[in-house]
Amino acid sequence: MKVSDRRKFEKANFDEFESALNNKNDLVHCPSITLFESIPTEVRSFYEDEKSGLIKVVKFRTGAMDRKRSFEKIVVSVMVGKNVQKFLTFVEDEPDFQGGPIPSKYLIPKKINLMVYTLFQVHTLKFNRKDYDTLSLFYLNRGYYNELSFRVLERCHEIASARPNDSSTMRTFTDFVSGAPIVRSLQKSTIRRYGYNLAPHMFLLLHVDELSIFSAYQASLPGEKKVDTERLKRDLCPRKPIEIKYFSQICNDMMNKKDRLGDVLATAQRIRRRYNKNGSSEPRLKTLDGLTSERWIQWLGLESDYHCSFSSTRNAEDVVAGEAASSDHDQKISRVTRKRPREPKSTNDILVAGQKLFGSSFEFRDLHQLRLCHEIYMADTPSVAVQAPPGYGKTELFHLPLIALASKGDVKYVSFLFVPYTVLLANCMIRLGRCGCLNVAPVRNFIEEGCDGVTDLYVGIYDDLASTNFTDRIAAWENIVECTFRTNNVKLGYLIVDEFHNFETEVYRQSQFGGITNLDFDAFEKAIFLSGTAPEAVADAALQRIGLTGLAKKSMDINELKRSEDLSRGLSSYPTRMFNLIKEKSEVPLGHVHKIWKKVESQPEEALKLLLALFEIEPESKAIVVASTTNEVEELACSWRKYFRVVWIHGKLGAAEKVSRTKEFVTDGSMRVLIGTKLVTEGIDIKQLMMVIMLDNRLNIIELIQGVGRLRDGGLCYLLSRKNSWAARNRKGELPPIKEGCITEQVREFYGLESKKGKKGQHVGCCGSRTDLSADTVELIERMDRLAEKQATASMSIVALPSSFQESNSSDRCRKYCSSDEDSNTCIHGSANASTNATTNSSTNATTTASTNVRTSATTTASINVRTSATTTESTNSSTNATTTASTNVRTSATTTASINVRTSATTTESTNSNTSATTTESTDSNTSATTTESTDSNTSATTTASTNSSTNATTTASTNSSTNATTTESTNASAKEDANKDGNAEDNRFHPVTDINKESYKRKGSQMVLLERKKLKAQFPNTSENMNVLQFLGFRSDEIKHLFLYGIDIYFCPEGVFTQYGLCKGCQKMFGLCVCWAGQKVSYRRMAWEALAVERMLRNDEEYKEYLEDIEPYHGDPVGYLKFFSVKRGEIYSQIQRNYAWYLAITRRRETISVLDSTRGKQGSQVFRMSGRQIKELYYKVWSNLRESKTEVLQYFLNWDEKKCREEWEAKDDTVFVEALEKVGVFQRLRSMTSAGLQGPQYVKLQFSRHHRQLRSRYELSLGMHLRDQLALGVTPSKVPHWTAFLSMLIGLFYNKTFRQKLEYLLEQISEVWLLPHWVDLANVEVLAADNTRVPLYMLMVAVHKELDSDDVPDGRFDIILLCRDSSREVGE
């Protein structure tokens, strides 16, 4: 029978159904057709619907395949058959997953259900509570079972490859679906993919006797019949036959082609029954696990790694048969364990490790490095801190001991390394995994899957170290290892923290490091802390910040290697020994690097000059550029991309993208420059690195040392600062920026070394001193100097960026340097023309007009002609003719005779004379009659050689200079370059600087650029012709957009000056001649930009959003540029919103209901959370009644409990008068000055009362009648409930009340932070379950909590102060 067939059923009587529940015989079990699967469910409660008259049953789906709908309450109608006096209901197999706590702290019931479905492909198998812990082992250590699966498949591949003609083996690797042999395609990638599918079945085989599921499964089979593979496939109902196929086939080979999986299960059942008969099942059940594990080990060829007590291979039947012959059979089959004897450590282990890693010629750098390696490897000191200069070789201090530990066969050590930034992960894993000496994997694998039994070293970042999942796994290490590996010889080795000074110096990240204090440091054999910039004071504070005791009070010399007598207290309580190699060696660090401090007009321009010069001298070298902001990083990358290959990184990129880009720069030899913020200055080791350039005006001494320290073998470090703009200020408590002056002296002061100010040897690699530099570095400096002199003499002014780079608009920069190929070609032509004019004038035009043409020919053509093209006849000619008469004739007469006449004699005869006759008619004849004969004719012949004659004749009449220069752009380039090369200027012509172009060509290029930009934007934002919003652009579904939509967000949401410039296009904020909007565009780019800004606000608190507005300052006047910047991280923002607002969507979409009883903190800390729904409503109406009587200003009251009077507000007849009353008393002004409303436009809050929130207003006004009925039902004197404007004032006041928000989010655990007013208003209208399970709107609960914070006027008690006191509640804006 089906419930959906209404013709066979009729409504059930409530009383009859209630009695039927007491008599189970009257109930008919029926699968629910309301579910996607036919899953039996359980009746939890039922009630009679007054409207429909149906009895409705509340039931639970506990095993649904759709995880999002698991444990969801479903209401179905109960029907009774006309011919059958029995009721249809729904039941469920035990146990009840929702009832009672699961005896495992790792898994929740939903995950258990997923585990069961993954393993068995069914939902209705019975298992007891002991099975929970067994099944949890799979999730805790999935990595271990994955690794075993990989080994199984590799072993099978080897067998099949060795016996290709064996039909049985080939049948093992034949896909029964397609019938095609797949052994040939079973490559490494395929092995790993199928290994993941095999892992659950591998787990089953190893734990076959520990699960009661198999007992129930075998008990359902008739007699002692074995189950063959095909029967198993049918019974387990696999959705993917490939999973069962591989498992059954591999079991076939493993069990000597005799046993099948069904045989294993049947054997397990027979052994269990025999043991049960003997009454001693519990001790002997473990023997099957030992037998199965031993078979796997032998079959995989791992006998050398494990020691078993078996003398020969025995199958399950042998075990059963042998039971009768021996009563103590369980004593003969012992648990598989690793070899117990421990191999001793020796100093020779370190030397052997070094030879494995670096070859037979390995030697330590110095005696200090040798002794430290021995200290770490041999000594019992539980915690060691090392400070060594950058480039010293700190990595080898733990790398060699790790290799030595891995060589020991008695114990498996698992160690962990943590670095501060994601960008260092790739470099660390490449370095530590080279030569195959260590098995290295990311820490994320350990956190998600557990220890795989193979990895020697896990590498992660500080965030992984502070994560709860990591600390929990370390806390449960002993239990996990014992249950998974059947041995206690897998131990935790070293905990290594690199650059640990960041715990103290990274002020903005210190809140993220709080979880490290929960880590069980005592579980590790040793903790090692390394840094190049951690003096004693910094090191001691950093260690105490993560929960350790700190440094030993007495500084320990490296030569004092005596062992400590008191190690019983554990690592966390024992002081850390500090080895300060910098003080021991008494050498100032970074002396091998040439450090140059330069003040320049334009940092990017100077940096580009240096980089081009470096790559001219050393084409295979690499460089790092450290910028001050993330915006500057992207802009430099865009503008420099046409000169060399660039990789850029900053903190806003995703973790995977950072790792990928860092790895690309380290491994790809063609990559030249790495541009990033300061995160690229720590820990990266690049052999080809020869230059570091720092553009950050706020570098502190640690950032400087770390950046210069990247130059391991010497090189050049440039600190470029803009003139008169050095920022000498602290950043929120961090170290102050470095000062102008000697860098070496500041480094000495930081490390506590003796000052040599004013003494011999003060300058080491700085201030022009080269005495301590290597010969290669000195040679590089000299070659750079010679190249700079050659550029100066050749008059090659490289203008890579505008001089006002920092002040210019970001979008203009991106439009100029980061456009399409067509734009790039335009720039190249412009630069080529400029260089052509420069070289042509130097060789030919030198004798034309003035003596300064030789030196300033580029500026003459680029600036004067463009600017004064119309006035050339009147002003330019007159001025230059004066100089021509005075100086040029004297100076250039020799050059004209020597070079120009010889070169241009042929062209002068045919073209120039006839051409210039028209040219000199009006302008040149009068002034240059003396020079025309000698210089003008020869000059024109050079510039108008073949193709410009016709154009010159027409245009020279008005301005000879401008037209001639314009026409030589196309025709003279080839000849000019040849002439320049003949003159010996080939070296200078390799550079093509960007210069200005004349006005006419600029207009043509500008229009082309606008059209091109318009097409690109239309392709990037194709749906702007429709009613598109930024959430659609990010990829959200329509049902999600409905609740996340940004109601009330318009241009007034933006702060003053952000996308609000006047006199420009309203759609794109560009000049009308450069407008990129297109016809038919309904949604402007400006609107998309302010919506994108609102999305960023969704993800940031007040302080973070304020900093973000400062970061995007270059885009304040460029919404199109900001949209491009926003779209780069489109996927990351989408994921962030999905993660941060999952709870919000679940609540607003009514998929989850807030219950105050689920909030433990609320029940303990607030009387409101123990009130009934009736009491909450009474309190709500009482608050509004008091406000109305006292004529209190509503918004101000809910903002900070200030009971100011505002009679006009209560007497207002419409919204306009209401808002005017608020503005008159200064409410909006106080709101902006006291709260985060100041981060929006001045009219933003005011306009919330006008056209926004229409749907919510309609919904609220419809509910006013319900409020009146509630007051009558409660016996309260009916009072006028607040109208919409007063109600909205309440919500706005609560939203900007920081004290109230913090308290509510603390008490009500189901909600989190929202940072947009429309989301807050929407959230306030959801319903919550009060303590008596009655529903009340959330805003009523908010008002009750707000009232509780202000007074003791609540029923049955007063407020228990937990977080905030009443005195501090007045400080709203702090």
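Each Cβ is built from the backbone N, Cα and C atoms, and glycine gets one as well.
The region 'Disordered' annotation in Swiss-Prot covers 321-345 (among others).
Positions annotated as domain 'Helicase ATP-binding' by Swiss-Prot, on the basis of sequence analysis: 375-552.
According to DSSP, Pro389 (ATP binding site) is assigned to coil rather than to any helix or strand. The annotation ATP binding site is assigned in Swiss-Prot to Ala388, Pro389, Pro390, Gly391, Tyr392, Gly393, Lys394, Thr395.
Residues of the motif 'DEAH box' (498-501) grouped by DSSP class, helix first, strand second and coil last, total 0 helix, 1 strand, 3 coil. According to Swiss-Prot, the feature motif 'DEAH box' maps to 498-501.
Residues or ranges marked as domain 'Helicase C-terminal' in Swiss-Prot (evidence: sequence analysis): 609-758. Per-residue pLDDT, averaged along the domain 'Helicase C-terminal' (609-758), amounts to 79 for this model.
Residues or ranges marked as region 'Disordered' by Swiss-Prot: 832-999 (among others).
Marked as compositional bias 'Low complexity' by Swiss-Prot: 832-975.
Taken from Swiss-Prot, the feature compositional bias 'Basic and acidic residues' applies to 976-999.
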_At a 10 Å cut-off from the C-beta of Pro390 (ATP binding site), count the other C-beta atoms across all protein chains._
23
*Within the same chain, and leaving aside Ala388, Pro389, Pro390, Gly391, Tyr392, Gly393, Lys394, Thr395, name every residue whose CB is within 8 angstroms of the centroid of the CB atoms belonging to the recorded ATP site, in sequence order.*
Gly532, Gly709
*asked:* At a C-beta cut-off of under 8 Å, are there same-chain residues at least 6 beyond the motif 'DEAH box' (498-501) that contact it? List them, or none.
replied: 385, 394, 417-420, 424, 428, 529-534, 538-539, 542-543, 682-683, 702, 706
*Who sits close to Thr395 (ATP binding site): which same-chain residues at least 6 apart have their Cβ under 8 Å from its Cβ?*
Arg431, Leu432, Asp685
_Is it possible to get the count of other C-beta atoms within 10 angstroms of the C-beta of Tyr392 (ATP binding site)?_
22
*asked:* Quick check on the binding-site residues: of Ala388, Pro389, Gly393, whose CB has the lowest count of neighbouring CB atoms inside 10 Å?
replied: Gly393
*When the domain 'Helicase C-terminal' (609-758) is classified with DSSP, how many of its residues are helical, how many are strand and how many are coil?*
54 helix, 29 strand, 67 coil
*Count of other CB atoms lying within 10 Å of the CB belonging to Lys394 (ATP binding site)*: 23
*May I ask which residues of the same chain, at least 6 positions away in sequence, place their Cβ under 8 angstroms from the Cβ of Gly391 (ATP binding site)?*
His592, Gly709, Leu711, Arg712, Asp713
